[in-house]
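Asks: One structure coming up, written as structure tokens, with questions to follow.
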Amino acid sequence: RTSDRRNSQRDLKGFKQLFHRFLQVKGPSVDWAKINRPPEDSIQPYERIRSRALPEGVASSLNKLAVVKLNGGLGTSMGCKGPKSLISVRSENTFLDLTVQQIEHLNKTYNADVPLVLMNSFNTDEDTKKILQKYTHHRVKIYTFNQSRYPRINKESLLPVATSMGLTGENSEAWYPPGHGDIYASFHNSGLLEQLLAQGKEYIFVSNIDNLGATVDLHILNHLVSQPAETRCEFVMEVTDKTRADVKGGTLIEYEGKLRLLEIAQVPKAHVDEFKSVTKFKIFNTNNLWISLPAIKRLHKQNAMDLEIIVNPKTLNGGLNVIQLETAVGAAIKSFDNALGINVPRSRFLPVKTSSDLLLVMSNLYRLEAGSLTMSEKREFPTTPHVKLGSSFTKVQDFLRRFESIPDMLELDHLTVSGDVTFGKQVALKGTVIIIANHGDRIDIPAGAMLENKIVSGNLRILDH
């Protein structure tokens, strides 16, 4: 209880500092005229990093690494209760299962000791800790720490909506975890930063737990640890080429002589379309980050991490308009020495935010090996099909009910499904397939059907005889 009280006091102190800065900031935090393209050498192509042969002692490099997964989110947007990391995504494996399998495979293959660190929130901590018992006999040390808990603010009065420190009753919606930028302070305050440094860890690889492409890359790790100490890169952000589906993702710019992350929330309204342009800003942040532990300690001690505030408006269930003050982990890039962007293949960005994403990762487009998903060699194109499932598929349980088995999607380019549609077993989808059941109609795609460049609309129901 004493530690809970101490953590609450620390959280409120952090919130007051953030709120004070919020009151001082007027308008977007960047001057658009000062934005420049990053210098050529500040964003390296992954091929250049990969072209260097790995040394024989790669295990010693792995022993300098810890993997941190951002595990604060709930599965509510996909109709699930509890932590999102506990949703089954492939062959009965959850996001957390796959993460543990990946790291265990590394540790066994290279006789290494890479620990897994989970940054939980007050929403996910209890359920996550319960499930961790199942990994007791896996070859992975697992640590957890909690990010802060901040009060939501009434948009009109700018007063906290919480009436006490409790999380139940009228306070059930009064608190929130303040974004993943909180990792630096929470990691330090938890004591884990010092613990990992004492174990000889030098870098953490940070990523979202729902990004199934975010696996430990030995070439990037080797690039980091093989640099001379005086010019060693303290922060790597993995970026990838933007498509029209990624127009809202943050991008890297040069600003006042520093590499900096620019988020859409910081862009003046008059320039939002320019920010979304695929031609001007060609890359976006995957939120796969490699960060120096000694540098985090130094910057925290100097209080030198000035993260831009993201104002996130929300409407609570009762209709009250509130704001959340958040920060992004990648925004700290400007505070670190010799920061670098690496333009990685799209395969390292495989997030599962919706049931449309879930369909892709459950399909035969990917094969699962040691917890990692890789694009099937049988697919002729390296690009991922564009899939858009309608609102009838939003919740995971509805999604699963509508597929007797996941269709063959190896030759699919585009899929749009809208309305009351179900799929029988062993359906194959090729090219562009659009299936639209109008309101009141239902479409049952029969078992064994092969749809290639087809539009299906109206009412199609297959009845048992």
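Just so you know, glycine gets a Cβ as well, placed from its N, Cα and C.
Feature table excerpt (TrEMBL):
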type    : residues                              : note
BINDING : LYS84, GLN147, GLY179, ASP210, LYS353 : UTP binding site
BINDING : HIS180                                : substrate binding site
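Describe the structural surroundings of these features, if you would.
Replies: Sequence-distant contacts of GLY179 (UTP binding site), defined as residues of its own chain at least six apart whose C-beta falls under 8 angstroms from its C-beta, comprise ILE310, ASN312, GLU326, THR327, ALA328.
Within 10 Å of the C-beta atom of HIS180 (substrate binding site) sit 25 other C-beta atoms, taking all shown protein chains into account.
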Asks: Tell me which of the binding-site residues GLN147, ASP210 sits in the most Cβ-dense spot, judged by other Cβ atoms within 10 Å.
Replies: GLN147
Asks: In Å, how long is the longest CA to CA span across LYS84, GLN147, GLY179, ASP210, LYS353, which the record gives as the UTP binders?
Replies: 21
Asks: Is it possible to get the count of other C-beta atoms within 10 angstroms of the C-beta of LYS84 (UTP binding site)?
Replies: 25
Asks: Could you state the CA-to-CA distance between GLN147 (UTP binding site) and HIS180 (substrate binding site) to the nearest Å?
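Replies: Here the two Cα atoms are 8 Å apart.
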Asks: Do me a favour and check the Cα-Cα span between LYS353 (UTP binding site) and HIS180 (substrate binding site); whole Å is fine.
Replies: 16
